[in-house]
Amino acid sequence: MEAVQQNHSVCRGYCGVMLRSRSGGFFRRGFMLGNVEVILARPRGFCAGVERAVRTLESVASRYAGTREVYALHEIVHNLHVVNSFKKMGVKFVSALHEVPEGAVLVFSAHGVSQQVKEESRRKGLTVVDATCPLVTKVHLEIQRYDKSGYQVILVGHKGHREVEGSMGQVSNPVVLVQNVQDVQSIKIPSAAKLAYVTQTTLSMDDTAEIISALKLRFPRIVGPDLRDICYATQNRQTAVKAMSQMVDVVLAIGSKNSSNSNRLLDLAKAQNARAYLIDSYRNIDLEWLIGARRIGITAGASAPEILVQEVIDYLGLHANLKVRTMDGVSENITFKLPELD
């Protein structure tokens with residue numbers, strides 16, 4: 001929906017401004033959507049690992065502002081708003097180490113990196129700050145422990161995801177990746193091999209349950225981590241969006257298209273509610289999605305900041321008489337200590 005004329009700071013109610021929808025129809029700004037209840041998912045948005053990574057990069061950018069160049073290997077988290085905010089602070093995002101000059105400051109993203117990347121960073125004399133999520137680091141340590149004990153490690157995850165790439169590079173021996181039940185049936189493992197599995201942290205217990213069951217069925221002696229090692233944030237957000245989606249007419253999931261966990265929230269919302277949309281910000285909202293809706297649910301991926309949620313609420317308030325409440329759910333009080341800066 002784009003405005004022929006709009007003034008967000010002035011127009012808070014019925015302003016008589018005509019809006020053009022993406023399909024070409026016109027609507028009048030104001031309370032065109034009538035009375036609408038907005039239900040906010042609990043929990044939503046930043047998890048502790050993302051919060052730690054963002055605060056770490058903020059600290060690094062502030063400390064070295066004007067004195068040394070600060071680089072981040074890949075996006076610090078998968079969110080366009082966050083990345084653009086850091087670019088404005090002068091942080092340079094790169095996709096490979098050869099783009100980082102010797103002697104620069106380099107921050108590893110929340111998704112973690114391989115041992116090879118760490119070693120190459122040392123050889124280049126970089127000042128490295130590791131913002132890897134502690135739960136990802138825990139998976140790395142499990143892979144190393146299993147490998148040292150003679151196990152063939154199987155990783156349940158998505159090919160090409162930054163976290164998976166880093167996890168598979170923790171040991172010199174090959175780590176076998178399985179993405180689905182079909183992979184479990186097709187992988188070739190020596191019958192005498194000791195097997196252990198780990199999982200990508202941004203997959204919930206629900207996401208991995210079928211694959212793990214298939215692994216245990218085919219390899220009855222396979223071992224794996226304690227269920228408490230599953231990322232709490234992924235599970236909590238998925239549980240919340242499934243419950244919220246049953247309460248509302250439309251779901252708006254805030255997150256970037258390259259965010260694995262945000263896309264999963266969208267999938268789960270669609271499974272419960274056909275009217276569900278992934279948006280980077282309020283600017284992506286087409287008001288035609290919301291016509292006839294009396295309850296709108298809002299969730300946000302683990303890498304989406306709360307400011308984006310508030311901006312969506314403010315935008316909806318331009319077009320409806322809003323009542324906003326937060327659903328009952330899990331309250332997360334976990335924080336991770338920031339890495340020390342030299």
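Residue positions begin at 1 at the first shown residue.
Positions of Cβ are set from backbone N, Cα and C atoms, glycine also.
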Based on Swiss-Prot, name the residue from Ser281, Ser303 that is recorded for the same (2E)-4-hydroxy-3-methylbut-2-enyl diphosphate site as His78, His111, His161, Thr201, Ser259, Ser260, Asn261.
Ser303
Specify the secondary structure state of Ser303 (isopentenyl diphosphate binding site) as given by DSSP, simplified to three classes.
coil
Counting distance between Cα atoms, which of the binding-site residues His78, Thr201, Ser259, Asn261 is nearest Cys231 ([4Fe-4S] cluster binding site)?
Thr201
Between the Cα atoms of Ser303 (isopentenyl diphosphate binding site) and Cys47 ([4Fe-4S] cluster binding site), find the distance and write it as a whole number of Å.
7
Cα within 10 Å of Thr201 ((2E)-4-hydroxy-3-methylbut-2-enyl diphosphate binding site) is the criterion; apply it to the recorded positions His78, His161, Glu163, Ser259, Ser260 and give the hits in sequence order.
Glu163
Env. residues of isopentenyl diphosphate site, Cβ within 8 Å of mean position of His78, His111, His161, Ser259, Ser260, Asn261, Ser303 Cβ:
Val77, Arg162, Glu163, Thr202, Asn258, Ser262, Gly301, Ala302
